[in-house]
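Heads up: the structure comes next, in structure tokens.
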Amino acid sequence: MNVCVFIFVESLFREFIFAETPVRLVEGETEYEGRLEVYKFGKWGTVCDDWLTDKLAAVVCRSLGFPWNTSEVYGHAVYGPGSGPIWLNSVKCEGSEISIDECQHRAWGTHDCKHGEDVSINCSPSDSLIRLVGGNTESEGRLEVYKLGKWGTVCDSVSDKLAAVVCRSLGFPWNTSEVYRNAVYGEGSGPIWLDNVNCEGSEISIDECQHSGWGTHNCKHWMDVSINCSPDDTIIRLVGGDTESEGRLEVYKLGKWGTVCEFSPNDKLAVVVCRSLGFPWNTSEVYGNAVYGEGSGPIWLDDVNCKGSETSIDECQHGAWGSHYCTHWKDVSINCSPDDTLIRLVGGDTESEGRLEVYKLGKWGTVCGDSVTDELAAVVCRSLGFPWNTSEVYGHAVYGPGSGPIWLDDVNCEGSEISIDDCQHREWGTHYCNHREVVSINCSPNDTLIRLVGGDTESEGRLEVYKFGKWGTVCGDSVTDELAAVVCRSLGFPWNTSEVYGHAVYGPGSGPIWLDDVNCEGSEISIDDCQHREWGTHYCNHREVVSINCSPNDTLIRLVGGDTESEGRLEVYKFGKWGTVCGDSVTDELAAVVCRSLGFPWNTSEVYGHAVYGPGSGPIWLDDVNCEGSEISIDDCQHREWGTYYCNHREVVSINCSPNDTLIRLVGGDTESEGRLEVYKFGKWGTVCCESVTDELAAVVCRSLGFPWNTSEVYGHAVYGPGSGPIWLDDVNCEGSEISIDDCQHREWGTHNCNHLEDVSINCSPNDTLIRLVGGDTESEGRLEVYKFGKWGTVCGDSVTDELAAVVCRSLGFPWNTSEVYGNAVYGEGSGPIWLDDVNCEGSEISIDDCQHREWGTHYCNHREDVSINCSPKDTLIRLVGGDTESEGRLEVYKFGKWGTVCDDSVTDKLAAVVCRSLGFPWNTSEVYGNAVYGEGSDPIWLDDVNCEGSEISIDDCQHREWGTHNCNHLEDVSINCSPKDTVVQLVGGATKYEGWVEVYKFGKWRKLSSYGINRKFASVVCRSLGLPWYTSEAYRRHAVYEPADYVGLTNVHCVGNETNIDKCSHRGWRLYSSYSIFSSAYVNCLPGYDTVRLVGGSTKYEGRLEVNYNGTWGTVCDDEINENVSAVVCRTLGLPWATSEVYGGAVYGQGSGPIWLDNVKCEGTEARIQDCQHDAWGTNNCDHTEDASINCLPSRGKTSR
């Protein structure tokens, strides 16, 4: 029977980690209200107001037994700030939770708050009182609300619908009520109760409007809301004008005159204002930028949008009164009867030209040049009575910058308008310009004068034009020889062969740059007829100005700096100066043209870049010269315009009209048939870069020198020493049949991206390579070394396999069938050159020479990667070190004469099985551990990524990285226990024997256990294994600091709850933490409610008067409506028998004293504590101590009298 009851109750029992948290309300006028406090870890603390909603209030009030339907939650410590810890933050409740524990929240004690943000709750709040303060009448003023015993204000994120709700609830008129921001009736004091109030307008009370929550805001008192339930019509006036019908617009509101902000107004506002003032309004105008002077006092309106038919400014759409983002320099002005605008031209040589100025609002000002066209000039000149058919408009203040206001911007005329007023434009005084951009106009422009300056004759020189009384230059952007034709024809000079030049080849000018982007077709009569930017607009400087030659001569050329007159640096004579030619994109066709025009042989002529005959000086005249080879002169070849280039003198062109065959030699070898390859060119010996070379180059060189060439080899990386002087050739590509190196493809002479460390070497008669093994215990093992170019060197371990070991051992006469290759210099690092890298053998080769590899001396290694070989390797020795017995400890292996460790990456218990079996120890239950749980090893880490199937005879048979290769340190050393025992546990540091930190005996000492993965089922296993009550046991995570190697974790632990030991729970192995850290440690309480209830006055521990502890004070429980399930819950909580327990009323074990804490207690029997049962609010009862409840957990068979 007892077993059945146990199973039934356990099936219903709710599982949890943490016990339900006590809560209370403090500092309120009644028990139903106050600051919310929670009891955790032996201390009362508060809750932060982040993410606050009334759903938290519902959960707290219901759990306390108080009314909760209209409960409210408040932020900002409205019942005063608390003290002590802040236990919770970001509490998010659905409203249906039984306890605050079930609401979502951050971890206990985690927050970013202060006590000024403590949460408060009122379970039975009254309706909010409201009033209007500071107005001239009782129906207007600053809105204040009464809450929690204090009057406070409302923040201004509101609309007029709030005014309707407030005025209606106060019994005032509300149809025309208005809401104002920015504390227009003065700033309040005390709390700001509400923010983001959103009313529909039909609410009975402000409480029914949506808002951010009482006391929650991000405002100051200068943002307080005000309301007027019966506002008067707004009074308006115009101030500061010459007449009463013009001036700054001012409105009278709330006892003060203020201004209107000008963001986005239009003339429809002027129509409404002028009509309401009784002034003419058909031609009225509105102006921004305080053109009649800045106002003072408040800015009452912003974003005013009128249709024009309104009878008052009140009827126009606008922002809330007093709400704006302006300053007084944006004040609106209005003129109800504006005069026609006066205009004039100022600063020109005649009255019909000059800077355009307009007269408005009593001041002369200018016009911005943005987007203006000659149609504006036509309108202005016609209205002034000047000729207008050829009138021109200019930007950039060509007649000088003006002063005073800039009245107009973005003026757009069609040309037929009577006045500038009729043209489209921005509102008066609104612009994005400065006086350097103002408009000028010439009603009768003359043809532009031009001249050529700075040349040797009058028909050549820098092009200059005369405009606005000044000589200026022309920018060279995009100009062509068609401009030269127009200019030379208009000046009366020959023009058929005329040329245009950029880059100020006749010297930079001074003064203004009048024209840019000049585009001529060539048939124009004058430069005026060519397309161009507006006068004075450009993106140039005087180093880019245009020059023209109307009668250019053929270009002179010469070759300078060679041994003969038919070779040397190419120079051309232009504009009175000798200059050079850039080597970009040149070919031998240029050499043919130059040599033929100079009368030299040209069939085999060659062109060279990189100033091989020395850099020149002076100008670089030509770049990107492209010849076909049939041209008579270099002038006929395509090229950039004269003087335009992207070079320096180190890149200039040289030419040889009669080149000789190239001389070659081998330097620095032991014999004349080997050494560094050198070639003789331009009077100097130089080297060849090794990029892309093959043995075909060696064949060509050796054959041309008369040496054997069938087995010749080419080497890079200056293996016979780096040369000096120029590097003549790069990217040499030979097929092998060429007569001379000249016949091989290559870059142009002297062009390369190398240094002398990459010089080519050649051996025409190479010997077989010598090899040896160095540093081993025997002659058949050690570091692999090869002899090349007179030096012993090593081999890099990149990509090598045991096939290399087979080739080496066989060629040395050693056994090779089981030979092994190792990387990472396991027999010690070598010195000297690293001769080979990426050696790839198939295993059948006779010599290492026959294996594929990079060219000799080419590698990406250092000596820590040297290859080693063992031709007769032995089985690996293993041992377990540092354990209490010989069958447990750190795994060590013996290799290359040294004991070393194994890295724990990816290891499993199958490795333990292989090791224990090979050592003769039991292996069926063997375990493998990482993290150096038996201590760190020293010296080498021999193995990593060891993967065993479990059936291997030796660790050698398991898959693993090559010996000595790893990405570990000794903190990751593998340990093994061949005969592990069940883990012993204990609870330490608790207040009673039933609770404490969980410690386990592991790896030879007691260690704290990580809380990762623990839950109530884990606690059940721990308590049952210790013989303690376990049914209501709980597990906690708590932080603490531990010494190195005193902390272990059970990875991915999962308990069902009925295991006899924690080893029986599912897990992925033990982990040792070996450094100082703050960890979350496992804490278990087998009787978590033990200190909250007690039985007093009985003859045994199983019986007595029931007492409960609340807020640190013991009190009794009233027997009203109490049932037998209460005794089951209490006895289970105390760890006592409970299946036959009984509950009694009438103080059968004597009357208690102090408070009666609980009444009307109703339990279902599955609760973990009596607090979880239904009951009246703590301390609420209609009892006395004669009704105290008692319990007997193990009653006698006879009846107990009550």
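Using N, Cα and C of the backbone, Cβ positions are placed for all residues, glycine too.
These features come from TrEMBL:
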{"type": "DOMAIN", "residues": "23-124", "note": "domain 'SRCR'"}
{"type": "DISULFID", "residues": "C93-C103", "note": "disulfide bond"}
{"type": "DOMAIN", "residues": "130-230", "note": "domain 'SRCR'"}
{"type": "DISULFID", "residues": "C155-C219", "note": "disulfide bond"}
{"type": "DISULFID", "residues": "C199-C209", "note": "disulfide bond"}
{"type": "DOMAIN", "residues": "236-337", "note": "domain 'SRCR'"}
{"type": "DISULFID", "residues": "C306-C316", "note": "disulfide bond"}
{"type": "DOMAIN", "residues": "343-444", "note": "domain 'SRCR'"}
{"type": "DISULFID", "residues": "C413-C423", "note": "disulfide bond"}
{"type": "DOMAIN", "residues": "450-551", "note": "domain 'SRCR'"}
{"type": "DISULFID", "residues": "C520-C530", "note": "disulfide bond"}
{"type": "DOMAIN", "residues": "557-658", "note": "domain 'SRCR'"}
{"type": "DISULFID", "residues": "C627-C637", "note": "disulfide bond"}
{"type": "DOMAIN", "residues": "664-765", "note": "domain 'SRCR'"}
{"type": "DISULFID", "residues": "C734-C744", "note": "disulfide bond"}
{"type": "DOMAIN", "residues": "771-872", "note": "domain 'SRCR'"}
{"type": "DISULFID", "residues": "C841-C851", "note": "disulfide bond"}
{"type": "DOMAIN", "residues": "878-979", "note": "domain 'SRCR'"}
{"type": "DISULFID", "residues": "C948-C958", "note": "disulfide bond"}
{"type": "DOMAIN", "residues": "985-1087", "note": "domain 'SRCR'"}
{"type": "DISULFID", "residues": "C1055-C1065", "note": "disulfide bond"}
{"type": "DOMAIN", "residues": "1093-1194", "note": "domain 'SRCR'"}
{"type": "DISULFID", "residues": "C1163-C1173", "note": "disulfide bond"}
Measuring CA to CA, name the entry from the disulfide-bonded residues C530, C841, C1163, C1173 that ends up nearest C209 (disulfide bond).
C1173
Cα-Cα, whole number of Å: C316 (disulfide bond) versus C958 (disulfide bond)?
88
Chain-internal residues near C219 (disulfide bond), provided their CB is under 8 angstroms and they sit 6+ positions away:
C155, D156, I192, D195
Nearest to C103 (disulfide bond) by Cα distance: which of the disulfide-bonded residues C734, C744, C958 is it?
C958
May I have the DSSP-based helix, strand and coil counts for the residues of the domain 'SRCR' (130-230)?
17 helix, 32 strand, 52 coil
Could you give the mean pLDDT over the domain 'SRCR' (23-124), rounded to a whole number?
87
Do we see three or more Cβ pairs under 8 Å linking the domain 'SRCR' (23-124) and the domain 'SRCR' (1093-1194), pairs being at least 6 apart in sequence?
yes
Inside 10 Å of the Cβ of C1055 (disulfide bond), count up the other Cβ atoms and send me the figure.
22
Cβ contacts of C734 (disulfide bond) (under 8 Å, same chain, 6 or more positions away):
T694, E696, L697, A699, V700, I741, D743, C744, Q745
Among 236-337, 557-658, 878-979, 1093-1194, stretch most in contact with the domain 'SRCR' (771-872) (C-beta, under 8 angstroms):
878-979
Between C1173 (disulfide bond) and C93 (disulfide bond), find the distance joining the two CA atoms and give it rounded to the nearest Å.
21
Counting only residues 6+ apart in the same chain, whose Cβ is under 8 Å from the Cβ of C851 (disulfide bond)?
L804, V807, V839, N840, C841, E842, E845
If you draw a 10 Å sphere around the Cβ of C948 (disulfide bond), how many other Cβ atoms fall inside it, taking every protein chain shown into account?
21
For a three-state summary based on DSSP, what are the helix, strand and coil counts in the domain 'SRCR' (878-979)?
17 helix, 31 strand, 54 coil
Neighbour count, 10 Å Cβ-Cβ cut-off, for C520 (disulfide bond): what number do you get?
21
